[in-house]
Structure formats: C-alpha cells, structure tokens
Amino acid sequence: MKLSMPRFDQAPVLVVGDVMLDRYWHGGTSRISPEAPVPVVKVEQIEDRPGGAANVALNIAALGAPAALVGVTGEDEARQSLVDSLAAAGVRAHFQCLEHQPTIVKLRVMSRHQQLLRMDFEEPFDTDPAALLTDVESLLAGVKVLVLSDYGKGALKNHQALIQAARRHGIPVLADPKGKDFEIYRGASLITPNLGEFEAIVGHCADEAELVAKGAELMRQLELGALLVTRGEHGMTLLRPEHAPLHLPARAREVFDVTGAGDTVISTLAASLAAGEELPQAVALANLAAGIVVGKLGTAAISAPELRRAVQREEGSERGVMTVEQLLTVVEDARAQGEKIVFTNGCFDILHAGHVTYLEQARAQGDRLVVAVNDDGSVSRLKGPGRPINSVDRRMAVLAGLEAVDWVVCFAEDTPENLLAQVRPDVLVKGGDYGVDQVVGADLVKAYGGVVKVLGLVENSSTTAIVEKIRKA
C-alpha cells in the first residue's frame, strides 16, 4: 500500500465528547513509608495534559490540522488548565460549563518513569444535550469530519442526533465507542473499538475468521460504513462491506505506555480522511501513529514530522535517491531534530576510491550528507562529447549505496546554485585546490551564516584519467 503525507493544514476536524485533564505528579522514590508498606514519593514536578476528547483534538492539531472541540467541564482550575493548554496548541475549544460539577481529572503519581498510582476525580455529567447539539451544529459547516470521543462520562447523550446532523451536512462521523450498547452509534461512518470493547458486544473471537464474521454482522446490524478493531500487539483489522478484510500488523518498536493510544488512532484517522485520504491509507497512517505514541510516556501527541519520518521509513525513502520535493521534506525534519546538513555536488561519472574518501570526509563535517549530481545533459556540457559514461540514474544509485551518503538528488543546470538556495545547507563542501571564494554558491551559503569548506583531493584519483586509460587500452 502506497503511503504519502496528507495535507493536514486543509483538513478541519470537529471533536465532541468527554473532556478530561490528565495530571501527573512526578517525583523520586527512595524509601518506604513508616505508616504503611507503600513508597514515599517526593513530588518535584506537576504536569497537566489534555485528556480524553481533549487529547484527540490536541493530536489533530499536533498534525497540523485545524481542530475544534466541544465538551463539558466544571468551573474550576482544571478547566482553566485545559483552556490554556488547548489554546496554546491552536485548538478552538467550546465548553459547556457546569458550576456545581468538577472537571474530570485523572491524577497519576509517577516515579522513575513508572506509574505508581492513579486517582480519578469525576462525577457523571448532568448535561443539556440540546445545548451541546446546538454548539455542534453551529460548527459543522466549517469542518470535514466529526469525531465522537465517548468515554461514557456523560457529555454524549444524544449520539443519534449528532450523527444525523453530520449526515445532513455530508460529513462522515467517526466514533470511539464505549459501553455495551453500540446501538447508539447506528449509522456512523466508522467506529474504532479495541478488541476488548468489540468482544464485549459480539462475544469472544477464537481466531481472525470469527472476528471478521462477527464484525461483518455487527456492521450489518448497525448500518455502519466501516469497522476498525484495534488489537494491541496484533495490530488492527479494518472491515468494510463488500471489501476483503485489511489486517495491519503493529508498528511499535518499543512500548512504554499505551495511555491515549486509541485517541491517537482516531485523531490520525480523522485528520487523514479530512485531508482526502482513502480509508485504507488513513488506517495505515493511524497504525504508524499508534506505533509512535506507545513509545512515549503518558498521554502524548505525535507531530507531523514524526509521522512523516514513519511514512518515509515505511516507503523506504528515509535515505537514498530523492526528488527535490522529497529532499526538502527530509532536510526540514532533520533540521528540526538539530542535525547539521552538509551539501556537496559533482558529476561522479565513474565512482572511484578518491570519491569514496572525499564523501566520507564531507560526511564528517555534519550529521547528514546531501549529494547533488549533475544530470546527463549537464555533464555533457561540462565534460564534452562522450560523457557521461554512466547515466544519471546509475550514478545516483551507486552513490546512494555508500554509507557516508544520506540523500542523493540530481539537478539539470550547470551549477547547483538554485538547489543550494532551496536546501540552505549548514555546510557546503567542495573538493579541489582552489580558494573558498571560488566555490560555486559560497556567497549564498555564507550570506545566511553557513560554512564553506574545501577538502583536498586524493592523489592519482581522477575519473577523466580513468576514462582516458580505458580508451587507450
């Protein structure tokens, strides 16, 4: 399945559901309490993060998609913490505020990256479904997907009214279901239960065949557009009427914390569908996102650069031959990680030991090496008739196989100045015995604060000499 990074900036999503605050007390533990056989935690840091439906909205915004959120809170400091955090992330929050009920808070006591205790502060909300529906209807015209983030805490009491309102606007509805009554999600475009939630409705599934059969029957009964069952370490399974099941293996490299993984799945799905991705591609992106987030501690969001790198790994484009557009994307991501970009260029017609040594020295000037290669027309103009010996595709393929080289790209001009202006490397490297000021592009690189270096060439290593020797043989 071919994956690409969606245009999330053009994918507005509305999230409606149970808003909560995830609060973390971090501290050290070095002794047991004399009062009871429990550890004593010396609290050193208090951290608040949006949770529940608020975490879904935060994940959507972190991907770069416009996110709006409708939910219910109390009139307290936890609400203000949510408002501040969401505003800082660019989420437009519309909260129904209840004076006599608290905002839901999940307090976790953490020590040495381990959760020791969780305390829940909550009461079922006594909400006004009509007021919530009014808020949602006022926002539907400006979004492309509606997400129902249901934790069974009372914010969502009119599921069918919300689904029907979205359908009148032609907007797909995604629901992360809770409880043992999935009838309330009838007519949804997609629901995303985990395996435990799914089996609580349909009964135990002995194998994948039974899961598929029971899932198909559930879709028929509830008139669902699709069903996605998330299965932890076994990945996820997408079922659609009149389509073969799609099984995707889990992508996590290391699992530290599954908190909020379901939120990440539905948020990535929603943003991807809003950006115009087909459902299988959106599910594959959500699977990659889940694999990233479970490698983080606590309720966490993933960023667009993190997902983009995962897509590039999946498509085998993290290294190697690239288009200019692909190169600019990976350079941007590498720079965001604090990596120093090195740039060099040349014809590299017949690769020899001198080239390899030079490229290794160039790579040592930073963290990532970009090699820009003259295309065939450019080489012919520079070197004369009969050159290049090897086509640009072959030259680039050989360079991409070198350990020192991260990315290879070609250019059609006689000099790489236009490409340099786009890449803006931290270090421009050229091999030869001339001065820095004679290097093409040196003025451009130095003007924005970059560094230009000239490396010596390996003696008795010349492509031109090799070509002449072969011709005389």
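The count begins at 1 with the first shown residue.
Cβ atoms here come from the backbone N, Cα and C positions, even for glycine.
Per Swiss-Prot, the feature active site maps to D263; the stated evidence is sequence analysis. Taken from Swiss-Prot, the feature ATP binding site covers N194, L195, G196, E197. Marked as region 'Ribokinase' by Swiss-Prot: 1-318. Per Swiss-Prot, the feature region 'Cytidylyltransferase' maps to 343-473.
Those residues of the chain, other than N194, L195, G196, E197, with a C-beta within 8 angstroms of the mean position of the ATP site C-beta atoms are P193, F198, E199, A200, V229, T230, R231. Counting other Cβ atoms within 10 Å of each Cβ, the lowest count among the recorded positions E197, D263 belongs to E197. When Cβ atoms from all protein chains are considered, those within 10 Å of L195 (ATP binding site) total 16, not counting its own. Here the region 'Cytidylyltransferase' (343-473) has, by DSSP, the following mix of helix, strand and coil residues: 54 helix, 26 strand, 51 coil. Here the binding-site residues are N194, G196, and the one with the most other Cβ atoms within 10 Å of its Cβ is N194.
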